[in-house]
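Engineer: So that we are looking at the same thing, I have put the structure below in structure tokens.
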Amino acid sequence: MGDKAILTEVLEASNLTEAYVDLTAKQLIKEIRHVGDDFAVRYSNLDDRTELGEPTDQRSPDSEKTFTVDEAVEALGFGRFQLKLSILTGMAWMADAMEMMLLSLISPALACEWGISSVQQALVTTCVFSGMMLSSTFWGKICDRFGRRKGLTFSTLVACIMGVISGMSPHFYVLLFFRGLTGFGIGGVPQSVTLYAEFLPTAQRAKCVVLIESFWAIGAVFEALLAYFVMESFGWRALMFLSSLPLGIFAVASFWLPESARFDMASGHPERALETLQAAARMNRVQLPTGRLVSSTKAGSESRGDIANLLSPDLRKTTILLWCIWAITAFSYYGMVLFTTVLFQSHDECHGGLFSNGTQMEVCQPLTRSDYFDLLSTTLAEFPGLIITVLIIEWFGRKKTMALEYAVFAIFTFLLYFCLDRFTVTVLIFVARAFISGAFQCAYVYTPEVYPTTLRAVGLGTCSAMARIGAIVTPFIAQVASEKSLSLPIGIYGTAAILGLIASLSLPIETKGRQMMDSH
């Protein structure tokens, strides 16, 4: 058989027209190698397709269709795939909450064991949040460049290992060092929201992100219960060991996490994105849109994880306001958590000595069973905060919901100025904590929505870093300044909430009903 006949058979087997017989063997081989599954030939080096007799009559109608990740995610809806993702990413939030709640529980025990001052107690919290602040942007860049799943896995492994080691600390300053490293690992946990949000359809995204925060509430309540049963019998070291275990469990479970399809498209791997979306469609028992998966932007045309892009003209105002909102919210939320312990340890008949010279606290004053019970009661406020946010966020919008929750927090915080009994103080703290918790959830919904895929993780990372600045400062207000006057922290936290209200209403973009962007 001659060369021309062989080439003709190859052309027919490849569904190419006879017009290609005039090509040289080298050209022909190059064209055949570019034949895709839809039999559409790619012309990378030829200017005029018609000269080669493009086989338009050979294409199926579906081969001309395309769809984006946004369209695929909308088609997926909310099903078994998202439920599995909710549980896996929720485990990270539960572990994070336990580590954060731990900070308010161990300080009195450390004061009894090592005789540390209130400033040193505040340093324990400050070191953890310093580590989180330093690492939040780092983990955001890792997730934007190497993938959400890898960043989450490594960050939780670091947090788990350092958390266990810190429980073996022989000295206070050794404890500070390892708690700082624990915080460095925990700084990557918020990226679980980035991964989760990128698989949620627009209509359900806000409610689902808020609902995943219920795992935070579960973790906080579980930590309070754990302390109730463990601290008196086994001490703070045992509590620290047990509190680190969920981080290790999540690190192992993260191997079952899917990589973000949006990340794969943005990083130039559409085949991986399609595999993930097809697996999700099979699990949800739905069909993806017909056609070929394409990106709404050219792969690699925009740098990923570049912090400077957060301050580009179209994002600058949003970014600066979000940094303020996150710092204020963390300052107020963690401040109320720490301040609750201070209030419950006060001996003043007004339960807080609001107009006296101090709280008259002893160096060693461990929490009692009654204190743990009241801490548990105020921690349960996380749940109504979540429910309220879920009910109003889609109706009221993200910005107005945040503003409303800041306003309620400020009102109930200022009410603590009055001379009140312990039960009334507990109720006021319960309501205040419910609404500041809700404001935090709104920030976690809004931030991934407002940033494009190429900046989403680093945007959330920098916001998380700003939150840690607020959290670093707040122990010195809640635990140190309160020794002089409890009226000072109350005034500061109430005023901070008013500033948060103004900042949230000043945000230039409302993301309610808005699809996630791939680029800016």
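All residue numbers here begin at 1 and follow the chain in the order shown.
In case you wondered, yes, glycine gets a Cβ from its N, Cα and C as well.
According to Swiss-Prot, the record shows the following:
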TOPO_DOM  1-85  topological domain 'Cytoplasmic'
TRANSMEM  86-106  transmembrane segment
TOPO_DOM  107-120  topological domain 'Extracellular'
TRANSMEM  121-141  transmembrane segment
TOPO_DOM  142-157  topological domain 'Cytoplasmic'
TRANSMEM  158-178  transmembrane segment
TRANSMEM  180-200  transmembrane segment
TOPO_DOM  201-208  topological domain 'Cytoplasmic'
TRANSMEM  209-229  transmembrane segment
TOPO_DOM  230-237  topological domain 'Extracellular'
TRANSMEM  238-258  transmembrane segment
TOPO_DOM  259-319  topological domain 'Cytoplasmic'
TRANSMEM  320-340  transmembrane segment
TOPO_DOM  341-372  topological domain 'Extracellular'
TRANSMEM  373-393  transmembrane segment
TOPO_DOM  394-410  topological domain 'Cytoplasmic'
TRANSMEM  411-431  transmembrane segment
TRANSMEM  435-455  transmembrane segment
TOPO_DOM  456-461  topological domain 'Cytoplasmic'
TRANSMEM  462-487  transmembrane segment
TRANSMEM  490-509  transmembrane segment
TOPO_DOM  510-520  topological domain 'Cytoplasmic'
Engineer: What stretch in 86-106, 121-141, 435-455, 462-487 has the biggest tally of Cβ pairs under 8 Å against the transmembrane segment (180-200)?
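Structural biologist: By Cβ pairs under 8 Å, 121-141 leads among 86-106, 121-141, 435-455, 462-487.
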Engineer: Going along the chain, which residues at least six beyond the ends of the topological domain 'Cytoplasmic' (201-208) come within the CB cut-off of under 8 Å?
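Structural biologist: Distal contacts: 73-74, 76-78, 82, 86, 390, 393-394, 398, 445, 449, 512-516.
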Engineer: Within the topological domain 'Cytoplasmic' (259-319), count helix residues (DSSP H, G, I), strand residues (E, B) and coil residues, in that order.
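Structural biologist: Computed counts for the topological domain 'Cytoplasmic' (259-319) are 30 helix, 2 strand, 29 coil.
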Engineer: Would you confirm whether the transmembrane segment (86-106) and the transmembrane segment (462-487) meet the contact rule of 3 or more C-beta pairs below 8 angstroms, pairs 6 or more apart in sequence?
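Structural biologist: Contact criterion not met.
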Engineer: Is it true that the transmembrane segment (411-431) and the transmembrane segment (490-509) have 3 or more CB pairs under 8 Å, sequence gap of 6 or more?
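Structural biologist: Since 3 or more Cβ pairs under 8 Å link them, the transmembrane segment (411-431) and the transmembrane segment (490-509) do come into contact.
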Engineer: With an 8 Å cut-off on Cβ pairs and a sequence gap of 6 or more, do the transmembrane segment (435-455) and the transmembrane segment (238-258) reach 3 or more such pairs?
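Structural biologist: No, the stretches stay apart by this measure.
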Engineer: Which one of these stretches, 121-141, 209-229, 238-258, has the most C-beta pairs shorter than 8 Å to the transmembrane segment (158-178)?
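Structural biologist: Top-ranked stretch among 121-141, 209-229, 238-258: 238-258.
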Engineer: Please work out the helix, strand and coil residue numbers for the topological domain 'Extracellular' (107-120) from the DSSP assignment.
Structural biologist: 11 helix, 0 strand, 3 coil
Engineer: For the transmembrane segment (209-229) and the transmembrane segment (121-141), check the count of CB pairs under 8 Å (sequence separation 6 or more) and say whether it reaches 3 or more.
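Structural biologist: Contact between the transmembrane segment (209-229) and the transmembrane segment (121-141): absent.
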Engineer: Could you give me three numbers for the topological domain 'Extracellular' (230-237), the DSSP helix, strand and coil residue counts?
Structural biologist: 8 helix, 0 strand, 0 coil
Engineer: Where DSSP helix means H, G or I and strand means E or B, what are the helix, strand and coil counts for the topological domain 'Cytoplasmic' (456-461)?
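Structural biologist: DSSP classes over the topological domain 'Cytoplasmic' (456-461) add up to 6 helix, 0 strand, 0 coil.
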Engineer: State the mean pLDDT for the topological domain 'Cytoplasmic' (142-157).
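Structural biologist: The predicted confidence over the topological domain 'Cytoplasmic' (142-157), as a mean pLDDT, is 91.
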